[in-house]
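Undergrad: Okay, handing you the structure first.
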C-alpha cells in the first residue's frame, strides 16, 4: 500500500501526526500533496513534553517534518480492499493479448526499421565505428 494513496483516502478522517521534534497534532485531514505536506482542521496540538496544549482551527504541516501518521484501522482495511479489487480488475482487463500481424513484440523484425532500404547496403548499426 502506498502512503500517498492512503492519505488521499483519509481525507476528512481523524488522524494523529507526530513530528520529528516530538510535537503531536490531532485533527481531521483536509488535504495532502505529493510531498506529504498536509493540512488539518479542528486540531489539538501538544508540545514535545506533553504538558501544553493548543486548539487550532486549521494548520499546515510540512511533509519533511513528519515522523509518523496514525489513521483509523478501519481506513487501512478499506484501502487494502479497494486496492485488491482494482488489482483484480486490472488483471482481467490486461489478459486479452492478441498476437498476429499487428503485434510488435520482440519476435520478428518489423518492416523497414531505422530507415534501411531492403537489399541495400547496411549503414549505421551500433556506434559510430569506421566506415566499410
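Even glycines carry a Cβ here, placed using N, Cα and C.
Found this in TrEMBL, in case it helps:
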type	residues	note
DOMAIN	2-75	domain 'Sm'
COMPBIAS	82-91	compositional bias 'Basic and acidic residues'
REGION	82-132	region 'Disordered'
COMPBIAS	92-101	compositional bias 'Low complexity'
COMPBIAS	102-124	compositional bias 'Gly residues'
Undergrad: Average the pLDDT scores across the domain 'Sm' (2-75) and report the rounded value.
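TA: Mean pLDDT, the domain 'Sm' (2-75): 93.
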Undergrad: Residue counts in helix (H, G, I), strand (E, B) and coil for the compositional bias 'Basic and acidic residues' (82-91), per DSSP?
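TA: So the counts come to 10 helix, 0 strand, 0 coil.
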Undergrad: Within the domain 'Sm' (2-75), count helix residues (DSSP H, G, I), strand residues (E, B) and coil residues, in that order.
TA: 13 helix, 38 strand, 23 coil
